[in-house]
Amino acid sequence: MDPKMLFCLPEGDALFNPLNTMFIQMACILVFSQFFYLFLKPCGQAGPVAQILAGIVLSLLTIIRKVHEFFLQKDSASYYIFFSFLLRTAFVFLIGLEIDLDFMKRNLKNSIVITLGSLVISGIIWLPFLWFLIRFMQIKGDFLTFYLAFLITLSNTAAPVVIRSIIDWKLHTSEIGRLAISCGLFIEITNIFIYTIVLSFISGTMTADIFIYSFATGVIILTNRFLASWLPKRNPKEKYLSKAETLAFIILILIIALTIESSNLNSTLFVFIIGLMFPREGKTYRTLIQRLSYPIHEFVLPVYFGYIGFRFSVNSLTKRHYLVLGMTVALSLLGKLLGVLFACSFLKIPKQYWLFLSTMLSVKGHIGLVLLDSNLMYKKWFTPVVHDMFVAALVIMTLLSGVITSLLLRSQEKSFAHIKTSLELFDTTEELRVLTCVYGVRHARGSISLVSALSGFSPGTSSSPFTPYLMHLIPLPKKRKTELLYHELDEDAGNSNGGDDEFGTNEGLEINDSIDSFTRDRKIMVRQVKLVAPMENMHEEICNATEDLRVSIVFLPFHKHQRIDGKTTNDGEVFRHMNRKVLKQAQCSIGIFVDRNITGFHQLHGSDSVQHVAALFFGGPDDREALSLCKWLTNNSQIHLTVIQFVADDSKTEKIVGDAVTKENNEVFLEIVSEDQTENETDRIFLEEFYHRFVTTGQVGFIEKRVSNGMQTLTILREIGEMYSLFVVGKNRGDCPMTSGMNDWEECPELGTVGDFLASSNMDVNASVLVVQRHRNSFDSFVDE
């Protein structure tokens with residue numbers, strides 16, 4: 001096409017060409033989809049349903065002659081196909097970047113079994129129906145490609161639809177939501193691979209192309225790895241790469257994708273692998289995620305889903321075709337349902353998730369449409385009737401699946417709610433999800449030290465599943481409350497709307513460097529979140545984040561910090577009040593971290609030093625929660641954990657276990673003694689289990705201290721204050737005689753009696769302190785705000 005006619009056709013009465021109308025179509029889809037979503041969201045419907053409906057409405061409007069002439073001009077199909085290719089390349093690359101690799105590795109067996117069950121059962125069900133369909137549609141040749149296209153199109157799962165729906169339902173951080181995403185990706189990748197292999201066998205000329213493009217993909221992956229490590233060194237003082245440097249990665253991906261598509265091959269698998277193999281740490285990764293996530297999730301995917309609905313048409317279908325269309329939809333849903341149910345039964349997945357997985361994995365509309373439009377030279381059976389029936393079946397199944405799944409979620413809301421809100425019943429083999437909040441680099445260093453300790457680093461052993469989040473809290477000045485959108489806050493410092501210095505992110509670069517250092521050393525990805533909010537509302541945003549991220553414990557920085565001379569400085573009462581509000585409202589356990597980074601707990605990564613940690617146990621749910629958290633410290637070879645149990649001197653005791661066994665660097669000082677039968681049975685059972693699992697194996701040291709009152713407890717705490725770099729203790733313990741009288745000089749009730757003493761600058765304690773409060777629904781120990 002002549003560049004001069006790119007935006008205007010030469011005829012005087014034709015002011016627009018397909019490129020212009022395509023952009024107008026995109027705008028209409030976005031407007032219609034927002035309108036539908038406004039009404040459907042309260043009903044629990046996901047965004048893709050509203051966006052596909054918007055496309056269908058726009059398609060129905062083409063019945064009007066003027067609208068038809070405007071949107072469906074000459075060469076418009078070529079424009080739409082090419083632009084959908086660009087959209088597809090962008091979001092497939094982002095999917096590869098964002099996928100949770102650790103979860104996929106842990107659930108590889110589950111994903112493979114569900115994928116095979118889905119495809120095999122669907123294939124068996126479709127085999128007899130295909131015989132009927134060939135005769136009904138009067139297919140004369142190319143039976144293999146017809147069956148292959150039919151099977152792949154109708155047994156496939158549209159991974160982008162699954163991902164977007166799971167995110168809208170806030171299940172992307174749950175086990176079942178991530179499993180659905182993994183299965184959707186596996187099903188789609190498997191179908192692409194099968195189709196490509198069979199097509200290359202039929203053509204006889206594509207096999208060499210596949211090997212060449214596989215090699216080229218490997219070269220792109222190596223090039224990306226080199227650029228990802230080299231480009232940040234060019235401007236080390238910048239938080240993000242420049243837009244030109246970001247564009248370089250996009251151009252590389254588009255070049256390889258266009259080259260592959262020009263050979264009649266599908267580039268989706270190659271682009272996905274490039275994103276999957278991209279380095280997941282450092283400035284480059286953060287830049288790509290920050291620059292791509294917002295436009296793709298808010299514009300690219302809605303337009304792509306709307307285009308699926310826009311292709312919906314039944315104009316070429318007659319009444320007898322509707323019966324076949326209904327049978328196609330029913331058999332497709334049945335095949336997916338039976339396949340997933342058999343797989344879930346084999347894998348012993350809880351029954352409440354079976355129907356959810358089967359309906360969620362029934363959504364269509366991605367690769368099915370791509371394969372339908374490609375390689376037409378090998379599809380002699382391709383007619384407008386076949387096209388309309390395929391597309392109609394895909395759209396109807398996607399809408400039905402989305403509606404059924406949302407209704408299922410509403411009816412079984414408790415089954416999908418976040419239930420791992422405390423650590424006491426956790427096992428270290430389960431995934432630990434934590435959120436640590438920081439205001440600046442000073443808090444970040446201490447928080448990363450805590451994350452490093454919980455990561456369970458031990459050479460030669462496999463670490464427990466661990467997902468840490470670091471949230472950068474940025475108090476928003478009142479004058480900026482309504483001036484900026486969230487994504488505008490991440491622009492370069494030179495932005496006239498306010499830069500890093502103005503919004504408290506001038507320390508962001510140092511925070512990023514600290515996280516990168518930890519990631520390189522421990523190979524554990526710390527997911528970063530930025531929270532920009534007025535201080536008076538920040539506690540609500542933190543509490544919402546704990547639910548959305550499904551964390552079991554959130555760590556908050558203490559409102560005082562240690563200066564370089566060792567003295568303590570108050571950062572402001574506003575931070576203290578914010579912590580206390582989170583303690584009241586958070587739907588998970590909370591830890592307040594008093595970081596004495598100069599004399600206390602230090603970063604473990606990059607050092608071979610062993611740090612001594614003490615867990616203080618008086619009894620009660622908070623102390624049990626604190627000791628439960630310490631279970632993850634036992635897996636770290638750089639942590640020497642000692643449990644110190646305080647027992648009332650007048651309590652009756654009996655010996656229930658034999659002498660403890662110890663290993664090198666882990667001294668067990670005394671035999672554990674159970675509480676009297678009059679004491680809390682839950683504490684006794686919990687401590688026994690902990691002792692038998694960790695103390696008798698020599699992983700943990702154990703000390704018993706007998707005290708009569710709070711003064712004796714204070715004396716012991718002063719004696720051991722210099723022996724440990726970190727104290728872990730519960731916040732409350734009710735009416736405890738061992739701490740009686742200690743609250744007479746309490747300064748910070750949010751730390752509890754013991755935690756307040758350990759954090760006080762007037763005491764001879766130089767260790768850092770972590771005060772833990774177990775999640776509960778009622779509180780009675782707070783001073784009025």
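Glycine too: its Cβ is placed from the backbone N, Cα and C atoms.
The transmembrane segment feature in Swiss-Prot is assigned to 19-39 (among others).
The transmembrane segment annotation in Swiss-Prot covers 44-64 (among others), and the record cites sequence analysis as its basis. Using a Cβ-Cβ cut-off under 8 Å and counting only residues 6 or more beyond its ends in the same chain, the transmembrane segment (44-64) has close neighbours at 25, 28-37, 71-72, 161, 164-165, 168-169, 301-302, 305-313, 363, 365, 395, 398-399, 402-403, 406-407, 409-410.
Residues annotated as transmembrane segment in Swiss-Prot: 79-99 (among others).
Per Swiss-Prot, the feature transmembrane segment maps to 112-132 (among others).
Beyond the transmembrane segment (143-163), the same-chain residues lying 6 or more positions past its ends with a Cβ under 8 Å from any Cβ of the stretch are 48, 91-92, 95, 118-119, 122-123, 126, 130, 133-134, 172, 180-181, 183-185, 187-188, 191, 194-195, 198-199, 202, 301, 304-305, 328, 331-332, 335-336, 360-368, 371-372, 378-379, 381, 390, 393-394, 397-398, 402. Marked as transmembrane segment by Swiss-Prot: 143-163 (among others).
Look at Swiss-Prot and you will find 179-199 (among others) tagged as transmembrane segment.
Annotation comment: Swiss-Prot describes 201-221 (among others) as transmembrane segment.
Residues or ranges marked as transmembrane segment in Swiss-Prot: 240-260 (among others). Counting same-chain residues at least six beyond the ends of the transmembrane segment (240-260), those with a Cβ under 8 angstroms from any Cβ of the stretch are 85-86, 89, 93, 213, 216-217, 220, 223-224, 227, 231-232, 266-267, 270-271, 274, 283-284, 286-288, 290-291, 490, 492.
Beyond the transmembrane segment (294-314), the same-chain residues lying 6 or more positions past its ends with a Cβ under 8 Å from any Cβ of the stretch are 25-26, 29-30, 32-33, 47-48, 51-59, 80, 84, 87-88, 90-91, 94, 160-161, 164, 167, 322, 365, 369, 388, 391-392, 394-395, 398, 487. Residues or ranges marked as transmembrane segment in Swiss-Prot: 294-314 (among others).
Sequence-distant contacts of the transmembrane segment (323-343) (same chain, at least 6 residues past either end, Cβ-Cβ under 8 Å): 113-114, 116-122, 124-126, 129, 133, 136, 154-155, 157, 317, 354-355, 357-359, 361-362, 389, 392-393, 396-397, 400-401. Here Swiss-Prot flags 323-343 (among others) as transmembrane segment.
Residues of the same chain lying 6 or more positions beyond the ends of the transmembrane segment (352-372) and with a Cβ under 8 Å from any Cβ of it are 48, 52, 88, 114, 118, 149, 152-154, 156-162, 165-166, 176, 179-180, 183-184, 187-188, 191-192, 195, 266, 268, 305, 308, 311, 332-333, 336-337, 339-341, 344-345, 387, 390-391, 393-395, 397-398, 400-402, 404-405, 408-409, 412, 415-416. The feature transmembrane segment is assigned by Swiss-Prot to 352-372 (among others).
If you look up Swiss-Prot, you'll see 389-409 (among others) marked as transmembrane segment, on the strength of sequence analysis.
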Contact set, same chain, for the transmembrane segment (19-39): CB under 8 Å, 6 or more residues outside the stretch: 6-7, 45, 47, 49-51, 53-55, 57-58, 70-71, 73, 76, 79-80, 83, 299, 302-303, 305-307, 310
Range from 112-132, 179-199, 201-221 with most C-beta pairs under 8 A to the transmembrane segment (79-99): 179-199
